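For Gly38, Ala39, Ser40, Gly41, Ala42, Gly43, Lys44, Ser45, the entry in Swiss-Prot reads ATP binding site, with the evidence type sequence analysis. Positions annotated as domain 'ABC transporter' by Swiss-Prot: 2-241.
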Amino acid sequence: MIKLEKISKIFDVSGKKLTALDNVSLHVPKGQICGVIGASGAGKSTLIRCVNLLETPSSGAVIVDGKDLTQLKNADLVHERRHIGMIFQHFNLLTSRTVFGNIALPLELENTPKEKIHQKVNELLALVGLTDKKDAYPSNLSGGQKQRVAIARALASEPKVLLCDEATSALDPATTQSILTLLKEINRTLGITILLITHEMEVVKRICDHVAVIDKGRLIEQGSVSEIFSNPQTQLAKEFIRSTFHISLPEEYMEKLTETPRNATSWPIVKFEFTGRTVDAPVLSQASKMFGVDLSILTSQIDYAGGVKFGFVIAEMEGDDEAITRTKTYLMEHNVKVEVLGYV
């Protein structure tokens with residue numbers, strides 16, 4: 001449905017060339033949700049704005065529903081843009097219009113008959129759960145309600161594609177989850193292809209089928225969510241995945257933790273990282289029995305993304321040096337990532 005082929009975007013800033021996108025290629029199949037994740041300034045917003053040509057690429061092709069938008073005349077481009085909805089971080093609602101009026105605006109601009117406008121807007125109000133707010137003004141809405149209005153407005157022209165530019169960044173965690181649930185439901189019931197950009201891996205984990213990691217204007221890694229979470233190839237992808245975990249040592253251990261053993265009875269505190277099949281395999285207990293090492297689990301967290309389990313365990317290892325070394329080697333050979341955090 002969306003194909004970006006070797007897209008580059010170069011800005012002229014005070015006489016200097018600034019490359020925002022560098023030879024980016026991305027394919028989002030029909031009906032899928034794709035998330036592009038990256039840090040601030042990585043090129044995310046420029047990329048998504050190239051999809052509907054709010055930013056014109058310096059080179060490359062932007063193919064949406066089989067048509068290269070970069071090759072269309074203005075009138076044809078305007079027509080194709082009606083099939084591409086977009087929502088933003090800051091909602092962009094008209095304060096002088098009611099909820100109903102904001103959603104109706106795209107239909108009015110297309111000279112849609114009033115009767116059809118009323119029918120369509122009421123359907124969209126029901127879809128986003130705002131039927132009782134149709135006569136309210138944006139100033140009387142919460143952030144989540146404003147974003148629901150923006151989503152309904154973006155759907156008014158019955159788009160095939162929905163672009164989401166940091167759509168949940170200005171929302172609190174609970175509201176973010178409700179908006180993500182709504183987007184997932186829209187994707188499932190209407191079959192709309194969704195491309196979203198975010199700096200939060202939690203968003204990708206929650207609703208995406210496919211993920212691409214962008215850094216300094218280049219896509220450095222992409223694949224299904226299950227592939228990336230189970231076997232990330234780049235350091236940046238690994239850091240984003242770790243950011244979804246909120247795991248730390250108990251305070252009493254943090255106070256005693258040292259970089260090197262203090263004495264013969266100082267034991268290592270080790271973090272084990274599991275992905276994919278290793279989560280279900282009893283490798284920790286197997287290694288403990290095999291090498292005679294006692295493992296005292298201090299904290300852990302297991303989660304899912306793209307149908308794949310992943311997680312962390314932090315444990316204290318007690319045993320002689322050789323047994324501990326053999327245990328760590330065994331676990332690494334079984335695709336468990338091992339990191340010594342310190343000694344207590």
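Keep in mind that glycine also has a Cβ here, set from the backbone N, Cα and C atoms.
Features as recorded by Swiss-Prot, highlighted on the structure.
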residue: Gly38; record: ATP binding site; contacts (Cβ under 8 Å, 6+ apart): Lys44, Ile197, His199, Val213, Ile214, Asp215, Leu236
residue: Ala39; record: ATP binding site; contacts (Cβ under 8 Å, 6+ apart): His199, Asp215
residue: Ser40; record: ATP binding site; contacts (Cβ under 8 Å, 6+ apart): His199
residue: Gly41; record: ATP binding site; contacts (Cβ under 8 Å, 6+ apart): none
residue: Ala42; record: ATP binding site; contacts (Cβ under 8 Å, 6+ apart): Ile214, Asp215, Lys216, Gly217
residue: Gly43; record: ATP binding site; contacts (Cβ under 8 Å, 6+ apart): Lys9, Ala20, Leu21, Val24, Ile214, Lys216, Gly217, Arg218
residue: Ser45; record: ATP binding site; contacts (Cβ under 8 Å, 6+ apart): Asp165, Glu166, Ile197
DSSP-derived class (H/G/I helix, E/B strand, else coil) of Ala42 (ATP binding site): coil
Confidence summary for the domain 'ABC transporter' (2-241), mean pLDDT rounded: 94
Output field, ATP shell: CB within 8 Å of site CB centroid, site Gly38, Ala39, Ser40, Gly41, Ala42, Gly43, Lys44, Ser45 dropped: Ile197, His199, Ile214
